[in-house]
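As given in Swiss-Prot:
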- 9-286: domain 'CN hydrolase' (DOMAIN)
- Glu49: active site, proton acceptor (ACT_SITE)
- Lys131: active site (ACT_SITE)
- Cys166: active site, nucleophile (ACT_SITE)
Amino acid sequence: MTAPVERRVRVAAIQAEPVWNDLQGGVNKVISLLGDVGKEGANVVGFPEVFIPGYPWSIFTATPLDNAPFMEEYFHNSLAVDSDEMRRIQAAVKENGTFCVLGFSERYQGSLYISQVFINTDGQIVHHRRKTKPTHVERAYWGTGEGDSLKCVVDSPFGRIGGLNCWEHTQPLLRYYEYQQDVDIHVASWPVLWDRPESVGSRWPYFITGDMSSRLSQVMAFEGTCFVLVCTQVMSEENFDKNKVRDVEHIQGTGGGFSAIFGPGGEPIATMPSDKEGILYANVDVNDKLRAKQWLDVVGHYSRPDLLSLRVNTHPSKPVFFAEEPEK
């Protein structure tokens, strides 16, 4: 009889404050955090959404005209994939021997994208994807990902690693396609999102809270029978003015973090206070996913593809096509 072999992996979820609108400072902080997880022997680490150069809450709290100088600064402090800054991060990943999923605001030519790169232990970018649909007013500042960004899972020595950004987790079909890609460990990259004080009530939507976002991530762990690393930003009160949130009623003090690690049954493995910076660690057995799948496999034995199926277009759209040379 063949006994199952444990597949032990040490995972890490970042909860940290960005270096707001500071590309070099953000790169330095990522490198420092990679050093921390390397010392702790982490095999896989996830970072929050647009950790470089931070999530610009001012897009919600200021008019586009009032916010224009801030976003011009934001553009120039966003990170290009093909850049010396990214190569510094890749070198740090290699030095610390961890597989990294990094969330960042990507600058490409004249546009921005909400992006993730998957960097292996050799420091190579093995996948680069963009948020397929920026949320609400985000669409005024960031472009959309194309069909190639539907791929959100890559292989690694530590299992199959996946990742999505923020409200991509609300997209049932996108989640389903990730499950079909056989994800083992999923990085849920989120910005800073505060919970709603009782005194505010319905004046602030519950669906834009850390609590709701955490629940979405937990559902993905259960639904996809995978480990989920919830990685979030925090914002200190001293940075409220820079981010134009000082007068937002429900934002009360340093906080906005909700990092967590969930197991493939949806069970919480590790959590952290919302106002603290830190790194969550857990030693997990990737085979726990297979034990959970005995009960639930929504792309396998617990599916009905003869009744319900998903059509996927993974081909990237291009703004320019070249005609073939005419025959002479």
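Just so it is clear, glycine is given a Cβ too, placed from its N, Cα and C backbone atoms.
Glu49 (active site, proton acceptor) is 10 Å away from Lys131 (active site) when you measure Cα to Cα.
Neighbour density for Lys131 (active site): within 10 A of its CB lie 26 other CB atoms from the protein chains shown.
The two recorded residues, Glu49 (active site, proton acceptor) and Cys166 (active site, nucleophile), show a Cα separation of 7 Å. Per-residue confidence over the domain 'CN hydrolase' (9-286) averages 97 (mean pLDDT, predicted model). There are 24 other CB atoms within 10 A of the CB of Cys166 (active site, nucleophile), with all protein chains counted.
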